[in-house]
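Chemist: Let me begin by handing over the structure; questions about it come next.
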Amino acid sequence: MDVLELLRVSGSNMYYSTFLADAWCYYISNQITMTMYLYCALGVLSMLFIGWFVYFKRLARLRLRHEIARSLSAVTMASGGDLRGPRFRKRDKMLFYGRRMLRKMKNVSGQMYSSGKGYKRRAVIRFARRILQLRRENMPLEVRTVEPPAEYLEETMEGSDRVPPDALYMLQSIRIFGHFEKPIFLRLCKHTQLLELMGGDYLFKITDPDDSVYIVQSGMINVYISNADGSTLSLKTVRKGESVTSLLSFIDVLSGNPSYYKTVTAKAIEKSVVIRLPMAAFQEVFKDSPDVMIRVIQVIMIRLQRVLFTALRNYLGLNAELVQNHMRFKGSSQGAGPSVYCSQTTRQATGSASATATAAAASGTAGSTHTAVPRPASSLSRYSQDEQHTLSDPNPGIPNLELSGDSVNTLFGEVNGGARLNSYPPLYHQRESDGNLSTRRGSITQQEQPEVGPVPSIDMRLVKSSAVDSLRKELGLPEQDAHIIDPFVEVREMEPNVTLITEGNADDVCVWFVMTGTLAVYQGNADATRIKQDKTDLLIHYVHPGEIVGGLAMLTGEASAYTIRSRNHSRVAFIRRAAIYQIMRQRPRIVLDLGNGVVRRLSPLVRQCDYALDWIFLESGRALYRQDESSDSTYIVLSGRMRSVITHPGGKKEIVGEYGKGDLVGIVEMITETSRTTTVMAVRDSELAKLPEGLFNAIKLRYPIVVTKLISFLSHRFLGSMQTRTTTGAPGAPVEANPVTHKYSTVALVPITDDVPLTPFTYELYHSLCAIGPVLRLTSDLARKQLGMNIFDASNEYRLTSWLAQQEDRNIITLYQCDNALSPWTQRCMRQADVVLIVGLGDHSHLVGKFEREIDRLALRTQKELVLLYPETASSKPANTLSWLNARPWVTKHHHVLCVKRIFTRKSQYRINDLYSRVLLSEPNMHSDFSRLARWLTGNSIGLVLGGGGARGAAHIGMLKAIQEAGIPIDMVGGVSIGALMGALWCSERNITTVTQKAREWSKKMTKWFLQLLDLTYPITSMFSGREFNKTIHETFGDVNIEDLWIPYFTLTTDITASCHRIHTNGSLWRYVRSSMSLSGYMPPLCDPKDGHLLLDGGYVNNLPGHLWRYCRASMSIAGVFPPFCDYRDGHLLLDGCYTNNVPADVMHNLGAAHIIAIDVGSQDDTDLTNYGDDLSGWWLLYKKWNPFTAPVKVPDLPDIQSRLAYVSCVRQLEEVKNSDYCEYIRPLINKYQTLSCAGCPETYGLNPSDLFSEDEDCDGYISEPTTLNTDVRRYQVPRGGNSLSLSETEMDMDSDVEMDLKMERKMDKATQSTPPLQSKAQILRRKHSKEEARHEWEIKREQKQELAREQELERERELSQKGTTAGATGYTPNAVIATQTSLIFMDEEDEMDKKKTKDNDRDEVRGSAEDTGKEKEEDKENRSNTNNETKNYL
């Protein structure tokens, strides 16, 4: 909240309509008198206390004297009355008084718990506690631990003692070729040899045969590369357990082509022992196990593609450098070509080879890994025959093929917008978006309209025969096997610019053989999406006659990463993917020839990189590198998930970031040559590629473009890290560390009990995720159906892992539905999951089952989140969430999900599948809790931040209405000060009517003066004790915890004990809301019960951000007005959050929100101050102030200066939020309302949302320009009627008739504010009649506009459905909706004209009323005052 206006004590301030300012002035004027009275009262009380103390002391002495005298008289009587008789001996005296004292102590101890002096003492203590407020309330239940468990941040230190070191090193080294069964591994071990090298000895030199895999058992080996000028560069240093090998040489050796070292040498740095494994050993194994050979070649091709043709291109900018510029044609293919391929009618000269040839070997690869299911032989043969029959028919009526952005005709038909000919369906029914694909296709420039001409019938037999013979030779098949491929070979003749396959297409992958003409290979610009320019595809290379293309995509089974078009009139022969797989079953050796064709295209640079690359496999919990280790390499995550953890000097560990597939790890530390700043460990089983420092240096020297690419890449990382550090403040975090983004690729779903409807829940979540992008749902039954009943056996582990990796690559998210028991499938789901969702029923028992504990044991480092389901018919809100969380300390986050009735219906599995087969055809509800959960999992959550501003915060109600009408869902809410109160109300109710009602009731309570007067106290810390203020917030929320809210919520307070801001995501709601509203000087800070820290209004450091009411109260602790709120957890004092961050959009972004709407209602400082020179006289200011004939000066007074100093941090944070690219900053028209004018809240609640904004940034009510955060982000469809200015009657939050009457009455009152005051009775009647007519006309126009808006919305839906562009790609962007739905926020021009017309009519009717009598004037005033009073009473 803001204290600028309140602290300015001036007699000219007449706008303070609250008693608070008057009370403050009264205190200042009577301070001396009050202090004197107080000192007198304290003096009297002190004297009474001293007199009471002296009296009792003297009374005790008198009693003691009487006892002594009585004892002496007794002794005298015993001695015969002679005072001079025997005296009272000392020992007898000691015994006597000892017995007396013991007798008294016994009596006192017996009376302590009954009555007497002990009872009085306890009564005094109780009275003192009541006076000094030392009582301690019963503390509510709290979360036991909010920190992650120790295993979550620690690596696994267990070793593999059962395996000998040499066997372990060899096993790890040959894993780059895939998984080998134990018998095959033992056969390979028989061929190993041990080599002992001294320092300086060569392991291999140039011209030595490259036919072995070398594994360092001990010592160190340095690998060098020789340049053309004779100089050498170090590529990498091979240490213990690492290997030296080349995957490309491995394929050469298997293909029968001898390979030699041409530019690479290896020398021992010190005495070393090396294990040598000849590659010929693999040939013997592959003869007996051809299926293993196919698997090994596929693994090699996949890894080469992911690193060489993805990582080096994206991170280093290498394209043309990855392939050879020229390739020698095979004599057999080229010699037989021209005489057979070309005919008199179709022959055309091919273009000259271009020098810009680039990644030819990779043409037709990339994207997601998914292998299509091959068709049966009969269907493929019949399919090919039909296709040949169509081609052999000399029908000239073949349609033209055109290239456009929306619909691209390819060789197989229309890709987008029409049915694709001869395309195979995917493995599963998935809902995918073609938005990215259409963008890539549309970027190819069409030169002329292409046509596909039929092959003349007279040449068809010879052309087909020659094509079969050429493809047979390319595949390495003998002549007698020509009949195997003959049914699958197809021939096409194309005009220029015909697209064979598009980038990202996985259905039309083929092996293409060029017979005549030339094919052009293109690839999308990797920087186009980032720099928003140069979006045309890059020309990679040309494919000439006798060359084959598409082998890499065929071997990897992934989608094509390139677009292939005919450059001129061309004729091609091709075999489809399913046919190749069928041929591969009969002749497995064709994979070697396809792989060899890929390898022959690669440049020497790729081979050198292949020697330097290392492939690393990490099990869950293993460390990639540790903090303070030397950094000599960087890593590329190929699969899995990594976590970066920093260890502080005190031993505390903190998460810095997480890395997923495709991320680069440790590059900044390697380039800067500094030690590792964090420890990086594997969250789950992961695969990485290691790029050493020497390789980077060699590439930088040869290709300077790499330096430019690295600078651009590191600049973006540095900018992102700077925005993160401003809020997190982690000084030791590396620059390239990613924040812990909540974007997962694999999700495991685990039921707590058997009665949890896990299958319907998975279907509902799948339905919501389909609106964001391609998603896949996997169960144990589906896995067995696709891969066989024995797929979960140990022998099939690699096959299952590879298949799951392909599914994960093809989809943005994969759902793993676990079984209800600890089956092998459940264990596999735990190993594959990035996050585990533990699903339970919210109204059932919270006890932890045995199965759930086993799940935690299997995935120690995997993040786990709790999902509690509630029926839609449930009348109560979530409760007892703390019991669920305390029983599961391993849970890091929880979600409350409201479910429809069909989820809890007891049905068989077959009926459930049948039900959701129909449900999946409908559009998901983007406002449902399932959609909110889907956006959270994919990293597309939408956050709403409500800033502080005192009574101006009532405008948040109007903003909530506007957001609701615009169809924008709210996934997370954060607030400060009054924003904490409004945000907590929305998260608790999620109904604008209830929120408005409770907010009005709270505002009415704040305007009751007699309650506030009773709360006044001696202003040492604050003006008010805060007891009544606590009561109003407590009555609003009750004993609700933040954990029980439907929507994730946080509030921000200022901790004056630790001098920082605090973010509250759990605990007592009302307390932290109260603390966030503790404005300094008015309320005492709230004492945090956790640690005893004092918390103030969070707006002092960041003005846009247990039991629920406590933290709400803490967030509203206005310093000086209300006392700081003491946190019941640690005792820290909490104040209003506006002192640190009044609009905590940055905090919301760090909590996982991708798109944020920030609403600022704080006051604006006057920056137009008077320049008074080098010194300032207070007498001169007093003269300027009192002299009405001098020009006024603007000089801040002492309270104003102190207030501005308190808000320095807040202003800086606000500017950063305005300039951020993830936030949409909005400021309504609320400057005319004062910070503490709670009496104006009802008027603010009644404002139309469209009346709160203006397009001028300088004016109050500003909306920042919408920025496009992601061009591929899905824009949800706005609900029908959402684009209309008028409120739909079906969406009215209150009673529609009464609400419209009140709105119309307010508009009429505004129109008549400037009219003359004197009116006759006839004029008053005419004005009322005109009001009714204007109201009727306005309602008619409103209905007409609603109908027109509905018709326009329906028409737009039809157009979108026809174009097929309603599917999304990644998520939802509120900025786009705000940009397109401006009419929902800004004032409608027609409504302005209506109000202006009504105002003019009223002005004309009342004109000439100046001669009316004073009696009529009084009657008119009375009528207007009655009307206003009735309206206010209703509000």
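The backbone N, Cα and C atoms fix where each Cβ goes, and this holds for glycine too.
As the structure is a computational prediction, the values presented were derived from the model and not from experiment.
Pulled from Swiss-Prot, these are the listed features:
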{"type": "ACT_SITE", "residues": "S977", "note": "active site, nucleophile"}
{"type": "BINDING", "residues": "590-717", "note": "nucleoside 3',5'-cyclic phosphate 3 binding site"}
{"type": "COMPBIAS", "residues": "1330-1361", "note": "compositional bias 'Basic and acidic residues'"}
{"type": "COMPBIAS", "residues": "1393-1424", "note": "compositional bias 'Basic and acidic residues'"}
{"type": "DOMAIN", "residues": "944-1110", "note": "domain 'PNPLA'"}
{"type": "MOD_RES", "residues": "S443", "note": "phosphoserine"}
{"type": "REGION", "residues": "361-405", "note": "region 'Disordered'"}
{"type": "REGION", "residues": "422-452", "note": "region 'Disordered'"}
{"type": "REGION", "residues": "1308-1435", "note": "region 'Disordered'"}
{"type": "TOPO_DOM", "residues": "1-35", "note": "topological domain 'Lumenal'"}
Chemist: At a 10 Å cut-off from the C-beta of E654 (nucleoside 3',5'-cyclic phosphate 3 binding site), count the other C-beta atoms across all protein chains.
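Modeler: Result for E654 (nucleoside 3',5'-cyclic phosphate 3 binding site): 17 neighbouring Cβ atoms inside 10 Å.
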Chemist: Is it possible to get the count of other C-beta atoms within 10 angstroms of the C-beta of S686 (nucleoside 3',5'-cyclic phosphate 3 binding site)?
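Modeler: Its Cβ has 24 other Cβ atoms within 10 Å.
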Chemist: Take the C-alpha atoms of R702 (nucleoside 3',5'-cyclic phosphate 3 binding site) and S977 (active site, nucleophile) and report the distance between them in angstrom, rounded.
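Modeler: Cα of R702 (nucleoside 3',5'-cyclic phosphate 3 binding site) to Cα of S977 (active site, nucleophile) measures 59 Å after rounding.
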Chemist: Whole-number Å only: compute the distance from the Cα of L638 (nucleoside 3',5'-cyclic phosphate 3 binding site) to the Cα of the residue listed as 'active site, nucleophile'.
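Modeler: If we compare the Cα positions of L638 (nucleoside 3',5'-cyclic phosphate 3 binding site) and the residue listed as 'active site, nucleophile', the gap is 46 Å.
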Chemist: Any same-chain residues 6+ apart from M670 (nucleoside 3',5'-cyclic phosphate 3 binding site) with CB under 8 Å of its CB? Would you list them in sequence order, or say none?
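Modeler: The list for M670 (nucleoside 3',5'-cyclic phosphate 3 binding site) reads S631, D632, S633, T634, E693, F696, given in order along the sequence.
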Chemist: Using all protein chains in view, find how many other C-beta atoms are within 10 Å of the C-beta of V606 (nucleoside 3',5'-cyclic phosphate 3 binding site).
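Modeler: Within a 10 Å radius of the Cβ of V606 (nucleoside 3',5'-cyclic phosphate 3 binding site) lie 23 other Cβ atoms.
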Chemist: Just going by other Cβ atoms within 10 Å, which of the binding-site residues R622, R702 has the emptiest spot?
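Modeler: Output over binding-site residues R622, R702: least Cβ neighbours within 10 Å is R702.
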Chemist: What's the number of neighbouring CB atoms sitting within 10 A of the CB on the residue listed as 'active site, nucleophile'?
Modeler: 41
Chemist: Fill in the CA-CA distance, S977 (active site, nucleophile) to V606 (nucleoside 3',5'-cyclic phosphate 3 binding site), as an integer in Å.
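Modeler: So the alpha carbons of S977 (active site, nucleophile) and V606 (nucleoside 3',5'-cyclic phosphate 3 binding site) sit roughly 60 Å from each other.
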Chemist: What three-state secondary structure does DSSP assign to S686 (nucleoside 3',5'-cyclic phosphate 3 binding site)?
Modeler: strand
Chemist: Please give me the CB contact count at 10 A for I590 (nucleoside 3',5'-cyclic phosphate 3 binding site), counting all chains in the structure.
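Modeler: Looking across every protein chain shown, the total is 22.
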Chemist: How many other Cβ atoms sit within 10 Å of the Cβ of L638 (nucleoside 3',5'-cyclic phosphate 3 binding site)?
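Modeler: Taking all protein chains shown, L638 (nucleoside 3',5'-cyclic phosphate 3 binding site) has 21 Cβ neighbours within 10 Å.
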Chemist: Per DSSP, L638 (nucleoside 3',5'-cyclic phosphate 3 binding site) is which: helix, strand or coil?
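Modeler: SS state of L638 (nucleoside 3',5'-cyclic phosphate 3 binding site) = strand.
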Chemist: To what whole number does the mean pLDDT across the topological domain 'Lumenal' (1-35) round?
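Modeler: Per the prediction, mean pLDDT sits at 44 for the topological domain 'Lumenal' (1-35).
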Chemist: Let me know the DSSP-derived helix, strand or coil state of E654 (nucleoside 3',5'-cyclic phosphate 3 binding site), please.
Modeler: strand
Chemist: Name the secondary structure element type, per DSSP in three states, that contains I590 (nucleoside 3',5'-cyclic phosphate 3 binding site).
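Modeler: Where I590 (nucleoside 3',5'-cyclic phosphate 3 binding site) sits, the three-state DSSP reduction gives helix.
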